[in-house]
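Listed in Swiss-Prot for this protein:
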- ARG13: site 'Important for substrate specificity' (SITE)
- ASP81: active site, proton acceptor (ACT_SITE)
- THR82: site 'Important for substrate specificity' (SITE)
- GLN164: site 'Important for substrate specificity' (SITE)
Amino acid sequence: MTSILYLASQSPRRRELLTQLGVTYELLLADAGEDAEALEAVRPGESPDDYVQRVCALKADAALQRRARRGLPDAPILTSDTTVCRGGDILGKPADARDAAAMLASLSGTTHRVLTAVTVATSAGQRHALSISHVTFRPILAPEIERYVASGEPLGKAGAYGIQGRAAEFVERIDGSYSGIMGLPLFETAALLREAGLHF
């Protein structure tokens, strides 16, 4: 049993959720020379489910190499990746405000899926889980989209929204994992961590 975990994520939401579980962790962030964004490139014809799981596993591989380079103790590493999809279209992080507005307009009045993959990597191998949730947005008026985008909240978030923030007013219904939609499904994460021998 171990009580140390490395979290390879810059997301403040994932940190909050991991703390909510009562897990003690240390951050294992990318080095300046690592191109973390390159890991998130979508392959032609790749399904959203395959995409999010592949990216999460690649993040785990990169974090294992980082841990070895830094000579850190052999403790489990947690990575996660979230994507929003409408049909087969992957809606990643918006490039800019205009892109964010277009994404939100495409989600207005529809039901979309939020996929969050989780990987726990140890020297013995990797364990994976996938959380799939359905989120229904009410119709969102153009001025509402404009105000929300102007707040800056959509930037840096898959699908151009954070469910725990101002976008909560757009959410008519959720079917699935609220914490998964935020970026770290706690049920699946806790199970993977315990399987990896983490004590919390």
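Every residue, even glycine, has its Cβ placed from backbone N, Cα and C.
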Measuring Cα to Cα, how far is THR82 (site 'Important for substrate specificity') from ARG13 (site 'Important for substrate specificity') in Å?
12
Do you know offhand how many angstrom separate GLN164 (site 'Important for substrate specificity') and ARG13 (site 'Important for substrate specificity') by C-alpha?
9
Local Cβ density at THR82 (site 'Important for substrate specificity') - other Cβ atoms counted within 10 Å:
27
Taking the Cβ of ARG13 (site 'Important for substrate specificity') as the centre, count every other Cβ atom within 10 Å, in any protein chain shown.
20
Going by DSSP, is ARG13 (site 'Important for substrate specificity') part of a helix, a strand, or coil?
helix
Rounded to an integer, what is the Cα-Cα distance in Å between ASP81 (active site, proton acceptor) and ARG13 (site 'Important for substrate specificity')?
12
